[in-house]
Each structure stands twice: as structure tokens, then as C-alpha cells.
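S.K.: Mind looking over this structure? Questions follow.
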2 protein chains.
Amino acid sequence: MAVGDVTFPKMWTVSGVKIGTSEAYVRYANRRDLVVFEFAEGSNVAGVFTQSAFAAAPVLLSKKHLAENTPRYLIINTGNANAATGEIGLQNAEKTCKRLADLGYVQTNQVLPFSTGVIGEQLPIERLLNGIQPALENLTEEGWEAAAYGIMTTDTTPKGASEQFELDGVTYHMTGISKGAGMIRPNMATMLSFVATDAPIAQELVDQLLQTTVTQSFNRITIDGDTSTNDSCIFIATGLAGGKGIDSIDDPRYQVILDVLSRVMLRLAQLIVRDGEGATKFITVTVEGGANTQECCDVAYSIAESPLIKTALFASDPNWGRIVMAIGKAGVDNLDSSKVQVWLGEVQICLDGGANPNYTEAAGAAVMSEKEILIRVDLGRGDAKDTVYTCDFSYDYVKINADYRS
Amino acid sequence: MAVGDVTFPKMWTVSGVKIGTSEAYVRYANRRDLVVFEFAEGSNVAGVFTQSAFAAAPVLLSKKHLAENTPRYLIINTGNANAATGEIGLQNAEKTCKRLADLGYVQTNQVLPFSTGVIGEQLPIERLLNGIQPALENLTEEGWEAAAYGIMTTDTTPKGASEQFELDGVTYHMTGISKGAGMIRPNMATMLSFVATDAPIAQELVDQLLQTTVTQSFNRITIDGDTSTNDSCIFIATGLAGGKGIDSIDDPRYQVILDVLSRVMLRLAQLIVRDGEGATKFITVTVEGGANTQECCDVAYSIAESPLIKTALFASDPNWGRIVMAIGKAGVDNLDSSKVQVWLGEVQICLDGGANPNYTEAAGAAVMSEKEILIRVDLGRGDAKDTVYTCDFSYDYVKINADYRS
């Protein structure tokens, strides 16, 4: 069960974005495991992808196509990641793009392919190809929710975020979906996320908006410290809602769009954590007082990925010694432990590197019994600050990953 | 339950090393939780310690004393790590050393203190001090097994290794103990390990032997990727068995001692993994064909610490896609995935970066059903090679760490 409020929101449609789904039987029967996005001509598209050296065939091809041409279609399958599949895997991804391109009257390199699921098996390519026409037949601007369901694997809930906003009297929309739920420590992007707006944004700003917002959202979450071979995040601006084009960061409307996109991306990223495999708690780890952002992140990830801390969180045990351990092992140069402060929620547990004499186990236990917990660390070295989001480590994490073939 | 043969061996006594234990009631009643080692005058002693920025008070004091004087005593308590305890913690460690020094007629800085257990609580110093005299009263060369039991925390078995060897007609002994069993990815040493020989080895060679053998033993194991605040490993050479002193690495006897110590240290390190918290399997991860040792270790640790791989090992699921994922995220510069080979035992699962066409699930499952599993990776980039030892990730790991206050 996902943690906290994960209600699927009203999804505003985005002019110029249509979505179709079909049952291709990639791995399981009777589920809509194939999703196609179609963008209006003139849309600007940006993507960020996994940094894994074993990047999947669709990731390699999406990067290539994105560099060569302007995308008009995305095609996404679940059930099979088409990763570690060699030359055949690349050919299958290419065949998928070609079939969709032929049916949509565009170039093959105007299609970006995405896959998620089991690594190391070849795609059932004929079934996949046969699913494309049916998906095209139900293309609709109302397809966001069906797509959110379509891209799920071990996710227990569909993940969506959507906002309507106004700029100079024109109404725009920002709508996106994402999926998790394991093998999550994205390094450039999450497993899969697709966000679109009908605002008119220049290509270079679309790229910049995606890079900026990914850093503070998908690149700040971790379920298990594992990085997928297929992580991809795509941002599309169709411009079809009209208004004057936004082509400079000095345009005051740029800041508004940055704020909206930041919220949508952070929500989509946090939804992945809230639905992390076996998660029973949602944890925010904030590290401040660092000499630079990197060391804040190093400490935050060291805490967020420690199996000992994650099991203590599951057990609601205010075992703060383990937090100190994780700070100690994070590799911060010349850290003076006597300047370190640690809080659980509002309760200071560690004062100047030692036990806070005013701390009581009851106060710590009260915080740990919550479903949403803030761990805050002050390194006492400077002004840098950063935040990472994670979940706890439960019996169910082991159960899900001992059973599921991901 | 520990994995494989963890039989406690015949422990050869080491001339010049006596060990006493007592019940100090540090945390639990009715257990011998205090251990004292006494070395004959003239013994040479070397130590390596945790690199944690939150190194415990006893670690800080041991390093200081070791730099100032020649140790004659070690004192070890379990149940409380005396870590993150600030100035009071340091004073308590110092009081402990002073009491033992007074009773043993040596200088305070000839005593090295060690603690293991809960982090962030002050030692019950009076009980600890009162336990010293009783421990001294039962000092005996036969005390190794009692000490191995005395230093256990979540360990399920005592850990010992011992060899008798001959050099130029003189019989020597090398005997040691260690403890785990969680918060284990030592970075310089394990939680606690103490090894002694009665061979006559010069101080600088004692230091060098410890550094060399720790690298390939305690610094190559991981249970959960967490690094303790208290890791310490001590090597003592009393010289009391006689024979000509060994004071050069060109002395052919040096190589013999290096070999013996390497075996004893590797055994003690592997015993910690075999008794890892919740472990049901013992995993050897060997990475070869690397451009250098560092990248071999990076890939080996990435595999050995991936929760997804560890849960698959627990489930005996030959889910090799997860191994490929872990190689991909290890951060090896410009890794050409098409040159990567992966074996499970003797079964090649990944050929040139893709699925081996001759691989069968049945063959992979047969290897995974074993209690001892070798994962071997060839990066296809060079001649470097390294090996890391780990265990799987089971329901019991979660259970132990959700219950135990470590």
C-alpha cells in the first residue's frame, strides 16, 4: 500500500497531446501494456535518460532519435525492459519505431521507444507490433489516466500530477505521469515519466526546464539505491494553447512555468517513493549546514539508503545511533562530529555530536510512529542544503523482490 | 543460522598472550561481556580502525595510545559502543584504561579500549570498572574461545581461526577471533578482530602485515554496506616462541608468515559474512578483466550490496538482469557493455553483454539453489581482478534489525 495521499488527480488535457493504449500481451494477458503518445507538429520535446552503462536498447535509440529529429510519437511497453538484449534488442526497438512511424506517416526517428519490466529477455516483437494499430485507434486527449495505468509494473497505484495555470490571460496546462516502484535511484531520471504542457516554450528552454527540475525531483529520490537500465523522463511543450512564445529565461513567464513544472515533477517523483516496494513510511532527509551541495547529498543518500536505518524506520524504532553511523560513513572530508546536530521531526536527538541530554525516548518514538517522517541533519560547516526522499525497508520489500522477476 | 562450515577450530595458544573474561553487566546480565587481553613485555602490536567521521571514543583513544606507547593490554566490552557519546564517552574510555593500567602496573596509554553494541548511550561505567579485576583474575593462555564468545553481539556463532606453522625448526602459532554481524562494510577493519602470533616480528613488519592482509580480507566483505563507528582490527606479535627476529620483507620467513596471516584473516572475515544478519547464503563476487583494481571493486560492491540482487539470491532466483543492472550503475568510465561476460558458478548467463543463447533457466536455478554461490564478471577491459564476499538479504535481516537496538 502506498504511503499518504496518493489520490489520482483530475488530469487536465494538454492541447496537442493524444494518448492511446492497447493489450499487446507483452508479458501478461488482459492488461493494456502498450501506450502510444502522439504530439502535434511543432511540439518541442526534451528527454533525460539513465546513466547506466547497460542502458537498454530503447534508451539508446530514444537518445539517438532525439538528437536526429523532432519526436512526434512515444511508444511504451511494460513487462519487458528490452535491456541486455544486444543487437536483436536494438533491432526490435527499431522495428517498433518503424511500424509506428509507417502507421503515423512520420519518419522512424520521430518515434521514441520506452520499455520497462524484466531485464535480459527479448521482446515478443510480433505481439508488440500487432498492438500498435489498436493503440492508434483509440488516441484521445483524455488518455492520461489509461496511460498511467498502462505503464505500471510493481506499482500499486497509478501516478499523476496536473495543474492549470494562467499567463497573460492565456490558460495553460501541465500534466504528467510516472511509474516506479523498485530499482529506483535514478541518475538523470526515474524509471519512466512523461510530462506535457500546451504552453509555447522554445526548444532550448524545454531542455533547460527538464534538466533543472529533474535535479530536484527524480534525482533526489531513492527506494533501494539501485539504478535502472531504463530510466527516462520526457517533457513535451506543444504550444497549442496559444499566446506569445517563451524563448528567454528573462521572460517573467519562464519563472511561472519553472515553478509549475517543479511542483508537478516533485509530486510525480514523491509518488514513486510513496509507492516504493513494500513502503510503509515516507521519509524526507534534509541535510543543511554543508560546505557544498554534493556533501549534503552524500550524507542524505547515506542515511536514505542505509538498510539499518530503513529497517529501524519500518520498526518505528528511534535508533538514532544508526543515523550517526550513516553520517560518519558518508565520506565528508574532515567532518567535525562535535558540530553535528540531528533532529527527528522537531525533536533534537543529537546535540553537538553526542546524545542530546534533553532527548527522551518517548519523544523520539512519537515521531517514529508517524507515517511521514523528517530526518534533519546540520553538518555545521556552511550554508549548503539538499533534500532526498525515500521510504522504509519492510518484510514486504524482501517478499516482493524475492517473488517478482524484475 | 550461519552458512556453511563455521566450526569453531582448535585454538592454538600463543605464548605471551593471556585472556580473561568477566560478567560486567554492560547491557545484559549473566554473560561474560568484558574481555581483557594481556601481552608479554616486548610484544609488537599494530592496529587498523574505522574511517567513520563518527569514530567511537574507544577508537579515538586506541589510536592515540597506540601512537604514544607500546600496548600491554586490550579491554573490550560488548553491549554498548561508546560512540556518539561526546566528552563523557572519552572520559569513560580513559577511566577504563586507567583502572586496568593501575591493576596491571603499566601506563594508562599502554591499554587499548574497544567497545561494540548500541550507539549513542553512555557506558555503565561503574559496572564496567568493577568487572576488570575479576577478568584479570582468570587470565589464561587458554582464553581464546571464551573471548570469542565474549565479544559476540548479534553473532550466532563465535568466530576463530588458528594455525600452527614451522620456520627454521621453530614452531609458531597464529590465532585470532572476530565478531560481526551487522553494520558491516568495514573500511580499514571489521567490527572487531584480534589476531596474535608468537613469532618474533619487527614492529614495522607487524604494521605492514596487518595493512596488507586487511585489504584482502576485512576490507573485502560487506553485509549491508554500512560502516560501523567501532571497526578495529589488532595484530600482536609476542616473539615468545623464540627464533631469530624477522626484520626484513626479504627474509623468506616473512612470506610464510604473510601467507599464514592472510589465511587466518580471510577465514575470520569470511566467518563474519557466513554469520551475517539473516544470511542464508554465502556469496563470492569476483570481477576480472578490469582496467584497474578500483573498478573491479566498484563493480563487485555494486553487485554485493544491491538489495535487488540480495533478495533474488535469498529467493534462489537466477534473475541475472539485476546483476547486469548493478554492473551498469557501478560508474565504470566508458564501459563497453558488449564486452561484458557474467557467470553464475560455471554457468555463463550473459555473453557479450546480452543473454547467452545457450543459457537455460534450469542451469541457472541449479546454481542458485546452492548455499555457496560464485558470481563472476569479466569486464573485458584489462587484467585487474578483485573479489568481495557477501551474503543474501532475507526476511530475517529485516526482523533482526527491526527488533535489535544496534
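Glycine residues also receive a Cβ, built from the backbone N, Cα and C atoms like all the rest.
Found this in TrEMBL, in case it helps:
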type     : residues                                                   : note
BINDING  : A:THR153, A:LYS179, A:THR190, A:GLU277, A:ASN401, A:SER406 : substrate binding site
ACT_SITE : A:THR190                                                   : active site, nucleophile
S.K.: Out of the binding-site residues A:THR153, A:LYS179, A:GLU277, A:ASN401, which are near chain B, with a C-beta less than 8 A away from one of its C-betas?
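M.R.: Correct list, in sequence order: A:ASN401.
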S.K.: Fewest other Cβ atoms within 10 Å: which of the binding-site residues A:THR153, A:ASN401 wins that one? Let me know.
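M.R.: Output over binding-site residues A:THR153, A:ASN401: least Cβ neighbours within 10 Å is A:THR153.
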S.K.: Please work out the number of neighbouring Cβ atoms within 10 Å of the Cβ of A:GLU277 (substrate binding site), leaving out its own Cβ.
M.R.: 28
S.K.: Taking the Cβ of A:LYS179 (substrate binding site) as the centre, how many other Cβ atoms fall within a 10 Å radius?
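M.R.: I get 26 for this one.
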S.K.: For A:GLU277 (substrate binding site), which DSSP three-state class applies?
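M.R.: For A:GLU277 (substrate binding site) - judged by DSSP and reduced to three states - the answer is coil.
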S.K.: So, in DSSP terms, is A:THR153 (substrate binding site) helix, strand, or coil?
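M.R.: A:THR153 (substrate binding site) sits in coil per DSSP, no helix or strand.
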